[in-house]
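Taken straight from TrEMBL:
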DOMAIN    B:37-232  domain 'KARI N-terminal Rossmann'
DOMAIN    B:233-375  domain 'KARI C-terminal knotted'
BINDING   B:D241  Mg(2+) 2 binding site
BINDING   B:D241, B:E245  Mg(2+) 1 binding site
There are 2 protein chains.
Amino acid sequence: MTSRNQNLPEPAVGNTFSSAVFPLETMDVPGGTETVLRGGRHLFPLLPTAFAGVRSIGVIGWGPQGRAQARNLRDSLAGTGIRVTVGLRPGSASAADARAHGFTEADGTLGDWLDVTAASDLVILLIADAALAAHHERVFAALKPGATIGLSHGFLLGHLRSLGGGFPGHAVIAVCPKGMGDSVRRLYEQGAEVNGAGINSSFAVHADPDGHAVDRALAWSVALGSPYTFRTTLGSEYLSDIVGERAILLGAVHGLVETLYQHHRIAGADPVTAYERSCESITGPLARIISRDGLRAVRDGLDPAGRDAFDRAYTAAYRPARDLVAEIYDEVADGTELRSVILAEARLTARPMTRIGGSPMWAAGAEVRARRAGRGTAVDPVTAGMFVATMTAQIDEFAERGHPWSEIVNESVIEAVDSLLPYMHARDIAHMVDNCSRTARLGARRWGPRFQAAYQQIALPAADAPADPALVAAFTAHPVHEALSAAAKLRPSVDIAVG
Amino acid sequence: MTSRNQNLPEPAVGNTFSSAVFPLETMDVPGGTETVLRGGRHLFPLLPTAFAGVRSIGVIGWGPQGRAQARNLRDSLAGTGIRVTVGLRPGSASAADARAHGFTEADGTLGDWLDVTAASDLVILLIADAALAAHHERVFAALKPGATIGLSHGFLLGHLRSLGGGFPGHAVIAVCPKGMGDSVRRLYEQGAEVNGAGINSSFAVHADPDGHAVDRALAWSVALGSPYTFRTTLGSEYLSDIVGERAILLGAVHGLVETLYQHHRIAGADPVTAYERSCESITGPLARIISRDGLRAVRDGLDPAGRDAFDRAYTAAYRPARDLVAEIYDEVADGTELRSVILAEARLTARPMTRIGGSPMWAAGAEVRARRAGRGTAVDPVTAGMFVATMTAQIDEFAERGHPWSEIVNESVIEAVDSLLPYMHARDIAHMVDNCSRTARLGARRWGPRFQAAYQQIALPAADAPADPALVAAFTAHPVHEALSAAAKLRPSVDIAVG
């Protein structure tokens with residue numbers, strides 16, 4: 001069997017890098033170390049040096065990432081003379097919102113996407129994946145000599161390789177925040193009070209004709225407010241990003257709560273109780289415990305009966321979850337998943353995507369949220385066991401495929417508990433899935449139901465059986481705990497709740 | 001957007017053909033006619049003429065199709081001097097069963113697959129898809145000059161095209177029974193009492209170097225006991241076969257009953273009642289009504305309140321079901337689906353397929369079956385509306401893609417109600433999915449959960465709204481009713497129940 005994407009780099013990358021500008025640190029990870037840059041506002045004075053040669057940054061697109069990154073970059077670069085301009089496609093519905101946030105045609109910080117591209121030294125492409133797939137050649141053609149292409153995920157690389165094409169001769173760098181645009185902005189703002197607050201980012205240097213790409217990428221990441229920045233490749237980023245959102249970040253968590261909600265309803269629970277034991281338990285206390293104290297703390301915090309239920313649920317869910325993560329990984333690595341997204345995009349005109357927020361469980365969410373004040377939701381041990389098993393399955397699959405530990409813990413744990421789950425807690429999971437990027441929405445719709453069926457048909461019926469001591473021991477002694485603890489030291493503790 | 005399988009033929013085929021041996025008939029279908037061959041034992045005396053040049057038929061493989069086809073061919077050709085031999089791979093676990101059915105090394109009717117291939121004038125390849133994908137080159141190399149390759153579905157064509165390869169210079173024909181191997185044998189045996197009983201088949205001529213391929217294919221089909229045989233292409237067969245089993249034949253029906261069972265349980269029904277209103281209602285009365293009187297008879301047989309519930313369920317389910325059938329069709333036509341099957345096959349050694357039969361609903365099945373005697377299960381109108389909507393969605397998608405009407409009704413309706421649903425009624429749907437071909441199992445696992453989620457999250461919540469009169473009118477006036485009625489005239493009424 002051969003892969004269609006023969007050229008997709010192996011995820012394994014060298015974890016060390018050097019900077020002519022920023023002071024780097026070494027982070028201990030299982031089996032070795034990784035070089036990282038700890039961020040913070042005290043580094044802002046170094047930005048002009050690191051951005052040497054960049055006088056203008058064009059942010060193309062005003063989706064959640066574009067909106068957050070353009071604002072953070074502008075604020076971080078205030079007074080440096082480096083100008084941040086937003087570029088939008090003609091007739092874009094986002095123009096009014098960009099103006100409301102101070103990017104205006106009048107002062108030259110808002111313009112046509114191709115004009116802004118042509119005028120910028122660093123062009124950060126944050127338009128939708130489908131638009132990028134359709135129009136990247138026009139963008140490439142508009143670049144001025146010496147301009148750097150900036151990406152925030154690896155979709156375009158996957159797309160170009162599926163076409164057998166590549167990037168033009170420009171520098172290509174990526175800075176990939178491990179959280180939603182909304183979190184990238186919200187935690188950046190907290191950085192004014194708590195230096196270093198923000199969303200961690202990976203960076204990749206894909207093409208470096210002038211030798212300054214690493215510092216340019218690090219400067220971009222520092223200006224976004226990343227607590228720490230680690231190195232990856234665009235190929236590794238692509239794999240972990242697309243797999244992660246289909247698995248624990250969106251698809252699996254949606255499938256899990258749908259299954260558990262129905263399970264509790266069938267067992268006689270009223271809708272509010274069933275919602276609390278499934279969705280609320282994950283987005284509330286579980287996310288908080290993992291964010292604050294790591295994965296093992298979930299199990300450690302349970303009483304003996306709860307721990308037994310956790311262990312049985314963990315045992316029952318680990319294998320089917322791991323099977324699905326492996327399947328998703330194969331399909332993403334092979335290009336099959338991206339092909340499906342492109343086929344789906346072609347159908348959307350005739351067949352608009354339906355919402356998944358209509359299922360009965362979401363009706364209970366509003367009531368649960370309304371009565372939150374003054375009462376805490378307990379961790380449901382079965383819910384916790386299945387959720388943690390799925391998270392660990394993704395961690396293990398990424399580790400087996402050779403991803404760097406910073407990428408593993410950020411894409412499997414920190415992005416979930418610091419960015420997505422708090423947002424889901426404020427709205428709900430279906431709302432989140434129905435409102436994220438189309439590539440993520442399509443992926444969550446493809447794989448969420450697979451997780452749902454696996455939990456319902458395989459894991460739940462097996463959760464009555466005794467736990468597997470070997471699986472439980474592997475969890476309690478898992479190297480991820482060390483990696484999470486090392487990552488935790490690099491980010492300040494801030495309030496992650498979404499209002 | 002371009003398709004990877006540029007060469008996959010458009011499904012539209014000429015529906016007419018001529019035979020030098022068999023008397024053909026014309027069948028009225030919506031918008032025209034199709035040439036068909038009505039089968040029956042009175043045609044057996046013509047088989048030697050139609051099989052001119054074929055002295056030995058090798059049936060390679062002893063799965064459900066191999067077992068049925070080898071036996072039917074041997075019985076139909078008894079006394080003609082045309083010998084039917086079974087070929088198995090070394091160490092095949094099926095050898096004992098083949099011997100028990102009279103194919104033995106001693107009389108030369110059982111042998112090594114490559115030896116049997118080398119000795120046969122018609123080599124019917126009925127080994128598993130994955131084995132065919134892995135070993136077709138060895139089989140091709142073993143063929144004697146002038147031998148004809150026989151297939152019973154288009155998988156190998158899809159696989160060869162995904163590799164950029166093709167068939168060798170031999171004649172290539174296909175006869176594709178529209179039912180499980182078990183039904184192909186069981187209804188053939190009924191043909192001794194009711195002439196013409198059997199499972200309808202399509203045939204395709206993919207390569208015809210000596211000009212006798214049509215009659216050779218028709219003879220094969222008559223010898224299998226096909227009530228009527230219609231023409232298709234291997235490409236059209238591939239598309240409708242692989243899509244159909246992922247949709248109404250296996251995947252959708254599994255997803256539907258899981259959703260409805262949980263829905264009724266949440267509403268307070270006990271497990272047996274929930275099972276009866278979901279699974280039992282479909283595999284029992286719905287299958288019988290459609291088999292005997294067609295699709296419209298389901299709605300016509302309901303009282304006004306039931307008809308209203310049917311119409312609302314039909315309205316709620318049609319669109320999400322159609323969206324999914326369109327998605328499956330795109331993925332099969334593009335090659336993405338086959339690619340996923342091959343990736344999944346490569347994972348099976350390390351990650352064996354888990355069973356789906358462990359979900360709680362199947363535990364109720366045994367009790368439902370045990371108490372069947374003396375009581376009939378009523379048609380549940382919501383179940384009926386969603387099932388018929390999904391069947392009609394598949395019919396409409398196939399019609400829009402240009403499939404011949406015989407293929408549409410056989411692959412969407414007749415195979416379901418005459419072969420698969422009676423088998424599911426005797427066992428259960430999960431048992432059926434867990435025991436069919438790996439390509440079908442993998443497909444049902446990929447798409448069943450998608451249907452389940454669509455019914456649960458989109459269709460059921462919408463079924464409280466009023467029906468859409470235009471959708472209901474399109475159903476009652478649907479041209480499929482004419483096509484089903486024409487097909488019904490070509491097959492005798494027999495007992496389709498499985499003991």
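All residue numbers here begin at 1 and follow the chain in the order shown.
Cβ from N, Cα, C; glycine included.
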Looking only at Cβ atoms, how many others are within 10 Å of the one on B:D241 (Mg(2+) 2 binding site)?
26
DSSP-derived structure type at B:D241 (Mg(2+) 2 binding site), helix or strand or else coil:
helix
Run through the Cβ atoms and count how many others sit within 10 Å of the one on B:E245 (Mg(2+) 1 binding site).
26
Structural state census, the domain 'KARI C-terminal knotted' (B:233-375) (DSSP three-state):
113 helix, 0 strand, 30 coil
